[in-house]
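J.: Feature annotation from TrEMBL assigns signal peptide to 1-30. Among the features that TrEMBL reports, domain 'Peptidase S53' is placed at 243-593. The active site, charge relay system annotation in TrEMBL covers Glu310, Asp314, Ser507. Here TrEMBL flags Asp552, Ile553, Gly571, Asp573 as Ca(2+) binding site.
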Amino acid sequence: MHCSSGSLFVMLPVLWLLHLAINNFALIHAIPLKPGTEPTPLYKCSQVEFSMVHDQNDHFTILPPEWKSALDLFSLHPHVKPFIDTSKRVSIIFALKPNHEEWLRKAFHQVSDPSSPQFRHYYSMKEIEQYTKPRNAHVQLVLKYIREVLPSEDIILQRISHHENFIQVQLPIRVVNECFQANMMPFIHETTKRVVYRSVNGYSIPQVLREVLDEIIGIHQFPILPQQAALKKLDASSSSPYITNPPSIWKRYNITLPMVTSPKNKQSVASFLEQYVLPQDLQQFQQLFKLPQMTPTIIGPNDPKEPGFEATLDIQYIMAVGYLVNTSINSIKYSDDDDEPFIDWVHQIQSEGDQAAWVHSISYGQVEKYVSKSYQRIIDTEFMKIGLSGRSILVASGDFGARCSSDGSKFQAEWPTSSPFATSIGATEPDEAAKEVSVKWSGGGFSESYSMPEYQQDVVNAYLRQPSVPPRSYFNDKGRAYPDISAVGVNYQIILSGQLKNVSGTSCSTPCTAGIISLLNDLRFKLGKAPLGFLNPWLYKDVITVPGALFDITHGNNAVSPCPGFSAVQGFDPISGLGVLNFDVLRRVAITSP
């Protein structure tokens, strides 16, 4: 049964709600309102000193509005008392601090900065692993804690990441509560109906582990179940009369297709939340637009009986634009016991090592304020590792415009597109008079978590002097501004389950742009040069100075009522970024760049 947003706890009968909680989710026992006891075993961890880590500046959790307390179901019925099934297992991840973190940050900036003597002198993934993997003593300390302090009969050691910085275990809720001073309660997602346990008031970390851990993931941080906004525009399409397909993209951005590509070249799309592809859809798409019949490598699960629009869109267009480039799909499994798609994606990239793709397209995101600062730092560290190896990460800027807060007083940034270690991609639409304009729903704004990186300060500060800038009370004018660049994002023709569909969103513009970057990498590989790597410093410092390399977008606004929005202006703006890429000019910039 599907319910409209917000209706689950209001419109449904109480008895049906209880049935839903007890039977469908099997997480709460309803018992008569009378005294009851619950086993509270004392483990060795009860004797361990703790250090509180749920401070507001770092590990504090804001409950996302789409998650509702499942216990509220029972508050509607005065004669029933909820009882948490604390034997249920949950998955938690010990995230260890990287070794040589300062070296990583410094080296990342050196290889990414066009003014640095180390520009594009990348490290191999193997070298980065050796430099940054946690100290063996720290890994052994965590494993010793797991073996000797936690109750051995209750532990399931699930996996250790290739870089040994993520140790994942399954524990009963009662053990999590006892050993980490948590208060795990059930929450239900109002749209997906998924249930998770979380401790909204935080948790405590054993003193012995305080210096070696960044965070224990899975206790207070809610799952990142990104909203793929292209879904709301599937077949509803946009008001634009223009249709986007591979030939129109090639023409619009002056793309010259290669006759042959370097065997070294490789690109990839991330596919989360059971987004699968039907190989016959890709074949039909390739036949329709007279594309080479190529098959991507699928890393992870795939169920062709359940093709998803997001995965279908991503693979069809990264391959159509990144013409003849070897392509893979990093598909992430979905289960109730493992709800961290970005961590799972990192697991895959670490395992692939030097065989990982050079360009990664990610069309998923979450409201930034609902992602803890510590979790952001953990993923940022992995982004830096990937960039240090010469690989590019492109992330959709989101499809909610400036994203107005519920009280209409603030804009809300998206993550991870707001990360200064990734390239954020906005969306445009064709326009007869201006060629291209920004789409009103294209995500853009300023981060509340990240300060403005040095590479964009000049152009962003110039934008902030524009008279059209919204009142500063709506946003952090010292924050990282996004998107960085844009591409057309409306009315993409895809083949889904054998049918021709139209899709719009920054989920369209991101794989399109990723394909363009792959073609530029290919030109460099053929000349024996290194790949482009982390794009932003190059875009803001070099590309912007070359006439015609970027098409400036000067029309459009991403206001979401009742908030104002950001307007496209000459130069950088937080709706289109620096503009859209002109491949014909950019190819010459790419091959002459160090």
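Each position is counted from 1, following the chain as shown.
Backbone N, Cα and C atoms are what each Cβ position is placed from, and that goes for glycine too.
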J.: Among the active-site residues listed here (Glu310, Asp314, Ser507), which has the Cα closest to the Cα of Gly571 (Ca(2+) binding site)?
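T.: It is Ser507, whose Cα lies nearest.
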J.: Where does Asp314 (active site, charge relay system) sit in the DSSP three-state scheme?
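T.: Once the DSSP labels are grouped into three classes, Asp314 (active site, charge relay system) ends up as helix.
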J.: Just to be sure I understand: of Ser507, Ile553, Asp573, which recorded positions have a C-alpha no more than 10 angstroms from the C-alpha of Glu310 (active site, charge relay system)?
T.: Ser507
J.: Cα within 10 Å of Asp314 (active site, charge relay system) is the criterion; apply it to the recorded positions Ser507, Asp552, Ile553, Asp573 and give the hits in sequence order.
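T.: For Asp314 (active site, charge relay system), the recorded positions whose Cα atoms are within 10 Å come to Ser507.
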J.: Same-chain residues six or more away whose CB lies under 8 A from the CB of Asp573 (Ca(2+) binding site)?
T.: Ser438, Gly444, Tyr463, Gln466, Ile553, Phe566, Ser567
J.: Ranking the recorded positions Glu310, Asp314, Asp552 by other Cβ atoms within 10 Å, which is at the bottom?
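T.: Output over recorded positions Glu310, Asp314, Asp552: least Cβ neighbours within 10 Å is Asp552.
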J.: How does the model score the domain 'Peptidase S53' (243-593) in terms of mean pLDDT?
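T.: A mean pLDDT of 96 is what the model gives the domain 'Peptidase S53' (243-593).
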J.: What count of other C-beta atoms do you get within 10 angstroms of the C-beta of Gly571 (Ca(2+) binding site), across all chains shown?
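T.: For Gly571 (Ca(2+) binding site), the count of other Cβ atoms within 10 Å is 15.
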J.: How long is the line from the C-alpha of Ser507 (active site, charge relay system) to the C-alpha of Asp552 (Ca(2+) binding site), rounded to the nearest angstrom?
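T.: It is 21 Å, counting Cα to Cα.
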J.: 10 Å Cβ neighbour count around Ile553 (Ca(2+) binding site)?
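T.: I get 27 for this one.
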J.: Around the recorded Ca(2+) site, report the further residues of that chain (criterion: Cβ within 8 Å of the mean position of the Cβ atoms of Asp552, Ile553, Gly571, Asp573; site residues excluded), sequence-ordered.
T.: Thr554, Ala568, Val569, Gln570, Phe572, Ser576, Gly577, Leu578, Gly579
J.: When DSSP states are folded down to helix, strand and coil, where does Asp573 (Ca(2+) binding site) land?
T.: strand
